[in-house]
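A short worksheet on the structure shown next.
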Amino acid sequence: MAPPNGTTNGETEVATQGSYTAVSTGRKTTMHRLIEEHGSVLMPGVQDALSAAVVEKTGFHAAFVSGYSVSAAMLGLPDFGLLTTTEVVEATRRITAAAPNLCVVVDGDTGGGGPLNVQRFIRELISAGAKGVFLEDQVWPKKCGHMRGKAVVPAEEHALKIAAAREAIGDSDFFLVARTDARAPHGLEEGIRRANLYKEAGADATFVEAPANVDELKEVSAKTKGLRIANMIEGGKTPLHTPEEFKEMGFHLIAHSLTAVYATARALVNIMKILKEKGTTRDDLDQMATFSEFNELISLESWYEMESKFKNFTPKAT
């Protein structure tokens, strides 16, 4: 039976109820292999090295370096186009070092400029240990995909960026996601048209941001080619679904972009209120990690073991 969404350059796709099998003629990335193995991949967002370590130790296979979350954690600022590509690369390098077994995919916003800027950015992300990137078609300065006031560049302009990114990636183990924010300003059909154009330009997967309901999600799945991404934001425009539900709808990668930063913010606000009101936390220790739990999280004992190797130096006898 012919695949419902056709074939792509370099691979044959077979899609049934969200499953995906790629027969590669050259490149197959870590993310491709995860999707083949699991059908759909749940990818929590991370904002820093600590959150990445938590995600890895919890047993996830992939993580998403969320620009929204990094902007908040690093700068204390909203996702309003204020984060630079240099800061994104810096955050990514720390995250991949803290969680070396995760397949780390990065929110690349608009790529830092034109096609040549995109190519430099891609090479720096690869050097920083990333395994993939999202590149979106918003006008710069961009905004969070679930905020008001978004605008998009001409589709052909973003397609050139995707083509440039594909060239920069070459044979690297790096997964390219083309994101479109056209749903809000121009409607779902335009978002779908752009997604397919960007797939043709060289994207491994496409991401139509902020479908408003299940019917729109199903329409995206039915009308877009190749691998598809869904983004779950608590309180956002798209209703929350499980990976199994998304697999049935025909989505392959599910990002929970802001779960970690929202949970961190709530916990921090709550404990700071207690400390301000009571002047102590002695009756509320259950709201925090213990000293030993936290030390285990950051692998303290492994550092003691490494330290012990270098306590004494004995020169060779001559």
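Sequential numbering from 1, following the chain as shown.
Note that Cβ sites are derived from N, Cα and C of the backbone, with glycine treated the same way.
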Which of Lys142, Lys150 belongs with Asp107, Asp109 in the Mg(2+) site listed by Swiss-Prot: Lys142
Segment assigned the feature region 'Disordered' in Swiss-Prot (from 1-24, 217-240): 1-24
Listed in sequence order, residues with CB under 8 A of Asp109 (Mg(2+) binding site) and six or more positions away: Gly67, Gly81, Leu83, Thr85, Val88, Leu135, Glu136, Gln138, Trp140, Lys142
For Asp107 (Mg(2+) binding site), nearby residues of its own chain (Cβ under 8 Å, 6 or more apart in sequence): Phe64, Val65, Ser66, Gly67, Tyr68, Val70, Val88, Val133, Phe134, Ser257
Non-site residues, in chain order, whose CB comes within 8 A of the mean position of the CB atoms of Asp107, Asp109, Lys142 at Mg(2+): Gly67, Asp79, Gly81, Leu83, Gly108, Thr110, Phe134, Glu136, Gln138
